[in-house]
C-alpha cells in the first residue's frame, strides 16, 4: 500500500502521512429511538462533508469488516456478547432480568440492528489498529467508534461494546506501550477501568467532573499496582474555553510523551466538549478542539482517531470534518459546499461556530493546581517503563480480499454512499499483503503479555460482584488472536 493516502505537509513537522479512513454507508441507518440524543446519522453527515470538501481523495477509504463474537469476547464477557447478539426489540420483554443485569434499557436501548451496529463500529476500530500495526498507514480514522463507557459485562452511557479497549488490545500486540487520550466531555471510565492495573497502557482523560455522568475521574484516581500513576484524570468545570483547555493539554501531553514514550496513540475525539452541545457544558471552539488532534499528530507516532460523544449533530459533523482535514494537513474552507445535508447548517452555512459567552468556572488558580499535580504525578514515573517479555501471541492476519488493495490508487466514489440501500450488502473481506515485523529478540516467539484488572479492587468494592450482581472479578486478558475477516 505504497500508493495513495498520503497527506500534505502540515505545520512545523511538514511530514506526509499515510491516512486510512473507515466508513460503512449503512451506519447512519441505525436509530436509538425517538428522543434519544445519540444519533448515528451524524456519521453520515460527517462523511458527506468529507466527500464534498474533497478530503476523501487524500486518504484510503475502507469499509470496516464487522467484528465477530470472538473478537468482542477478547474483552467482553461471553454471556454479555451472546445477549447483545440475540436480543431484539420484539424479544426484549422476555428477557427483563438480563436487560437489568447488563444495564440495557433507557440510556442503552434495544433497537433494530443493535448487534450489527456494535460489530460495525468495533470492526472499524479493530481494523484501524490492525492497519497501524502492519504499517499500512500512519493515521487511521473511525468516527463511528470511540464508545468509551462500555464495561466488560454491561452497557453504559449509550455504549454497548468498548471498541477502544479492543483496539488497544490489538495495538499491544505490536507495541510495548499504548497511550489513550480522551477529550470527550465525559470521563473515559470504561477504558480507564480496563487498564487500571497495567503499566503498558496510559489513560489520560480531560472531562467535566462533579455532578455529571459517569461520576468518576477524580484527579486522585491514578491507577493501581503496576498501573499506579498510569491513569491521569483532568477534572474540569463548566465553561472551559480553548485557552484554558490548551493550558492543560499541551504541557501534560508533552510530559506524557516524554516519559511514557508510547509506540501508538489512540485519541478519542468526543465532540460533546464543544460549545453548544446538547448534553455538554464546555465552551470549546472547533479549532480549539482540533488543536488536540494537531498536537497529537505532531509527535509522528502511529495514531488512531475515534469519535465518541456529540449530540448537536450539525456541530459534530463540522468538528470531525475539520479534524480530518487537520490530520491530513489540508486546510478546509469555512464556507460550506452545497451537499445533501446543507440545510442542517443554516443560517450561516459555515464550518466553524463561535463559542458562547457562558461563564468559565475554571479559575486560573484551579487550572494551575491541576497542571502541577498531574505533572508531579508524571515525575514519579520511570522513563519508558520496561516490560517483561512473555510468550508472543500471534499477529492478527489481514483478510484475503480488499478492493482497495487491488488498486491502491482507486478512490472512494463520493456519491456511492449517499443512497440508502434497503437491503444490507454483504461485506467483502479485505485482502492485503501481510508484512509482519517481528521484534528483535533471541526467542522468535516471545512478546509481552498484558494483565488487565478492574478498578473495583482499589475502591473498596467486593471483587466478585458489584451492586447489580454482575461478575467483576479481576480478569487477566492474554491478548488472544483476533482475525478480522
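Each residue, glycine too, has its Cβ placed from N, Cα and C.
Predicted automatically and left uncurated, TrEMBL annotations should be read as such.
Annotated in TrEMBL:
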type: BINDING; residues: 107, 157, 311; note: substrate binding site
type: BINDING; residues: 184, 186, 272; note: divalent metal cation binding site
type: COMPBIAS; residues: 397-409; note: compositional bias 'Acidic residues'
type: DOMAIN; residues: 36-324; note: domain 'Histone deacetylase'
type: REGION; residues: 385-421; note: region 'Disordered'
type: REGION; residues: 457-485; note: region 'Disordered'
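Summarising the environment of residue 186 (divalent metal cation binding site), the number of other Cβ atoms within 10 Å of its Cβ, over all protein chains shown, is 28.
Cα-Cα distance from residue 157 (substrate binding site) to residue 184 (divalent metal cation binding site): 12 Å (rounded to the nearest whole number). Across the domain 'Histone deacetylase' (36-324), the prediction's mean pLDDT works out to 98.
For residue 311 (substrate binding site), the same-chain residues lying six or more positions away in sequence with a CB closer than 8 A to its CB are 37, 38, 39, 272, 277, 278, 279, 280. Least packed by the Cβ count within 10 Å, out of the binding-site residues 107, 184, 272, is 107. With respect to their backbone Cα atoms, residue 186 (divalent metal cation binding site) and residue 107 (substrate binding site) stand 15 Å from each other. Note: the CA-CA distance between residue 184 (divalent metal cation binding site) and residue 107 (substrate binding site) rounds to 17 Å. Binding residues for substrate (107, 157, 311) extend across at most 14 Å, taking the greatest CA-CA distance. Those same-chain residues not listed among 184, 186, 272 yet with C-beta within 8 angstroms of the centroid of the divalent metal cation site C-beta atoms are 185, 207, 270, 273, 279, 280, 308, 309, 310.
Residue environment of residue 157 (substrate binding site) contains 20 other Cβ atoms, counted within 10 Å of its Cβ in all protein chains. For the recorded substrate site, residues 107, 157, 311 set the reference point as the centre of their Cβ atoms, and the other residues of that chain within 8 Å of it by Cβ are 37, 38, 149, 158, 159, 213, 279, 309.
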